[in-house]
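Everything on this sheet refers to the single structure shown next.
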Ligand SMILES: NC(=O)C1=CN([C@@H]2O[C@H](COP(=O)(O)OP(=O)(O)OC[C@H]3O[C@@H](n4cnc5c(N)ncnc54)[C@H](OP(=O)(O)O)[C@@H]3O)[C@@H](O)[C@H]2O)C=CC1
Ligand SMILES: O=C(O)C1=N[C@H](C(=O)O)C[C@H](O)C1
């Protein structure tokens, strides 16, 4: 007998990422979007998916996992809601405060939690490469340059900070520079500069679909996990 589809809630549904998630989710037989949540709701049902405003969470049907790509103002409410429903929480929202990041650890005592600054396979591997390079190049200057679209609010990007943490793990001390321009999806370069030579490790996303597809895959894999804190590296290890 085939498994029933994983029931997914998408939070931040009106946004750039929310729209990509809804479009790509429609092509997955193994999941069903049972609720699309955002601040404002114009139509009660759109493309067969029930819509809810964030103040109406009490009326949302049962779900196995929420995928949150909202903003820091929306994040706390959805995390708390997942804990109260016993559902898994997968989030890519960036610009979070230290206390919001700590709240992920507290929630992970009760539900499966995966937060990642970047859901692309390329950046997941880039983090490993940066940590490795920093181990041998800790004395070199380390600079992280990130470019994003003009609407992005947080800087440095979540990915830049995660790459910085990987560099620090290897012993380097990174500096950050941010550019906000046009419709750039997301580009990150980690430069290690010595005397007479330098290395650049770079990732360029040309479509938001890579983040959305990564988050849908993560949601499918998190739905039936034990409570705990997970990262993209755990998904790599899972194959
Ligand atoms: N980890 C990753 O791989 C990636 C992470 N991101 C991050 O995802 C987040 C969303 O990005 P993007 O889609 O471009 O942003 P948008 O501004 O396009 O969308 C944000 C969404 O969040 C909703 N929202 C905002 N505030 C609240 C609130 N207080 N309560 C409930 N919902 C709220 C908005 O609803 P409404 O429209 O109704 O106001 C909107 O649907 C950002 O933090 C971004 O940095 C982005 C891409 C990849
Ligand atoms: O806001 C975005 O667009 C993106 N945000 C993430 C970040 O802050 O690193 C990931 C990606 O680069 C796109």
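Even glycines carry a Cβ here, placed using N, Cα and C.
Remember, TrEMBL labels are computer predictions, not curated facts.
Going by TrEMBL, these are the annotated features:
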- 12, 13, 14, 15, 16, 17, 92, 93, 94, 116, 117, 118, 119: NAD(+) binding site (BINDING)
- 40: NADP(+) binding site (BINDING)
- 148: active site, proton donor/acceptor (ACT_SITE)
- 149, 158, 159: (S)-2,3,4,5-tetrahydrodipicolinate binding site (BINDING)
- 152: active site, proton donor (ACT_SITE)
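For ligand 2, no neighbouring binding-site residues occur among 14, 92, 119, by Cβ distance under 6 Å. Among the recorded positions listed (94, 117, 148, 149), 94, 117 have a CB atom closer than 6 Å to some atom of ligand 1, in sequence order. Rounded to a whole number, the distance between the Cα atoms of residue 148 (active site, proton donor/acceptor) and the residue listed as 'NADP(+) binding site' is 25 Å.
Sequence-distant neighbours of residue 148 (active site, proton donor/acceptor) (same chain, 6+ apart, CB under 8 A from its CB) are 157, 178, 179, 180, 184, 185, 186, 187. Of all the binding-site residues listed here (12, 16, 159), 16 has the Cα closest to the Cα of the residue listed as 'active site, proton donor'. Looking only at other Cβ atoms within 10 Å, the busiest spot among the binding-site residues 16, 92, 149 turns out to be 92. Taking each Cβ in turn and tallying the other Cβ atoms within 10 Å, the top scorer among the binding-site residues 12, 158 is 12. Listed in sequence order, 92, 94, 123, 157, 158, 159, 161, 162 are the same-chain residues six or more apart from residue 117 (NAD(+) binding site) with CB atoms under 8 A from its CB. When Cβ neighbours within 10 Å are tallied across all protein chains shown, the highest count among the binding-site residues 14, 94 belongs to 94. Cα to Cα, residue 119 (NAD(+) binding site) and residue 149 ((S)-2,3,4,5-tetrahydrodipicolinate binding site) are separated by 18 Å.
Taking the C-alpha atom of residue 149 ((S)-2,3,4,5-tetrahydrodipicolinate binding site) as reference, the shortest distance to any of the binding-site residues 12, 14, 16 belongs to 16.
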